[in-house]
Amino acid sequence: MQDIVQDALDNAEAEQREMDGDGDGDEFGDPRIVIVGCGGAGNNTVNRLYNIGVEGADTVAINTDKQHLKMIKADTKILVGKSLTNGLGAGGDPSMGERATEMAQGTIKEVLGDADLVFVTAGMGGGTGTGAAPVVSKIAKEQGAIVVGMVSTPFNVERARTVKAEEGLEKLREKADSIIVLDNNRLLDYVPNLPIGKAFSVMDQIIAETVKGISETITQPSLINLDYADMTAIMNQGGVAVMLVGETQDKNKTNEVVKDAMNHPLLDVDYRGASGGLVHITGGPDLTLKEAEGIADNITERLDASANVIWGARIQESYKGKVRVMAIMTGVQSAQVLGPSTQKQADKSRRELQDVDSKQRAADDAGAGGFGGAHSDGGQDEVEQENGLDVIR
């Protein structure tokens, strides 16, 4: 038996060297992953991702603010709603951001045409990000992609932005397969004494690392592989998702890395009873099968008994003596994302807006002699022509 084990070890080393040498082979093709940043916060995340580099993913920045877009680095940049905003932004009005993005849907369809997995990142509560994210998600879904929303919510003191964020989250949840929400209020607990610019950069970095981790889990070869089909099986279950990331160099890897992952600083969720879980473990050549299985087991033990759990593992020389775990749990419960109080507020806000719209329509009908006040932008072709898009690739 010892001879068999030794032969297996020798063969495994030879196979690993061959796989490492063949890592760039592309004859079978890879899923196309696109990361779309909407509005100021989304653009900042895309800019950070572009700078740190994401293997196998394209970055797209969409904004109504021309000056901010100029400062962003991305594979593709799209200025939307130029005829509406003159490139000066949406003024904190989500309906303006929504309309501007709808005007550019022909261009966005072209950019996302062959995408398999699309991340849509934005800050909820502003104008462009809140309005654009659901539109981009809808377009990506219609093109056949799996869509994951990755958004942050405003501080509690920003009351008007909070109401807008709730309504935006409701729309995004309807259009995306899953949404991962990070709470800006947690920055007050996590990095209370950092200068405000650096504190927000922490949020950008966490979102960027999350997207990078998911993307490279799919595109990079692993010992126990996770592929696009696995991601689809988990993300298709929809709802709110949570991303857990942990890393340790402790000798007790199995417990410590899970403990580190559980202490996620920026999302208040209870993932007991989650409907799905995808776990990816990265370790050095010293990572044992028992340790890897133990980590996957510990991090998923609170999930529902019928939860669909898929796990994989990758060995990297640079991780010798340490281990990293990345987990996505879908179908979790979060008071931040349309919990009872949030849903009630969103319903109330929507009713108030509908009442205002109804009164306005009645007034328009009366002024038009009863022929109705309906009007359009002249159809998609005309709107596209008037939009004055700036697309930089």
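Along the chain as shown, the residues are counted starting at 1.
Each residue, glycine too, has its Cβ placed from N, Cα and C.
Annotated region 'Disordered' per Swiss-Prot: 1-28 (among others), in sequence order.
Annotation source Swiss-Prot lists GTP binding site at Gly40, Ala41, Gly42, Asn43, Asn44, Gly127, Thr128, Gly129, Glu158, Arg161, Asp204, citing sequence analysis. Taken residue by residue with DSSP, Gly42 (GTP binding site) is part of a helix. Cβ neighbours within 10 Å of Gly42 (GTP binding site), excluding its own Cβ and spanning all shown chains: 33.
Per Swiss-Prot, region 'Disordered' is recorded for 339-393 (among others).
The annotation compositional bias 'Basic and acidic residues' is assigned in Swiss-Prot to 345-364.
The compositional bias 'Gly residues' feature in Swiss-Prot is assigned to 367-376.
Those residues noted as binding GTP (Gly40, Ala41, Gly42, Asn43, Asn44, Gly127, Thr128, Gly129, Glu158, Arg161, Asp204) have their most widely separated CA atoms at a distance of 21 Å. Most buried of the binding-site residues Asn44, Thr128, judged by other Cβ atoms within 10 Å, is Thr128. Taking a C-beta cut-off of under 8 Å and a sequence gap of six or more, Gly40 (GTP binding site) has these contacts in its own chain: Asn63, Asp65, His68, Gly123, Gly126, Thr128, Gly129.
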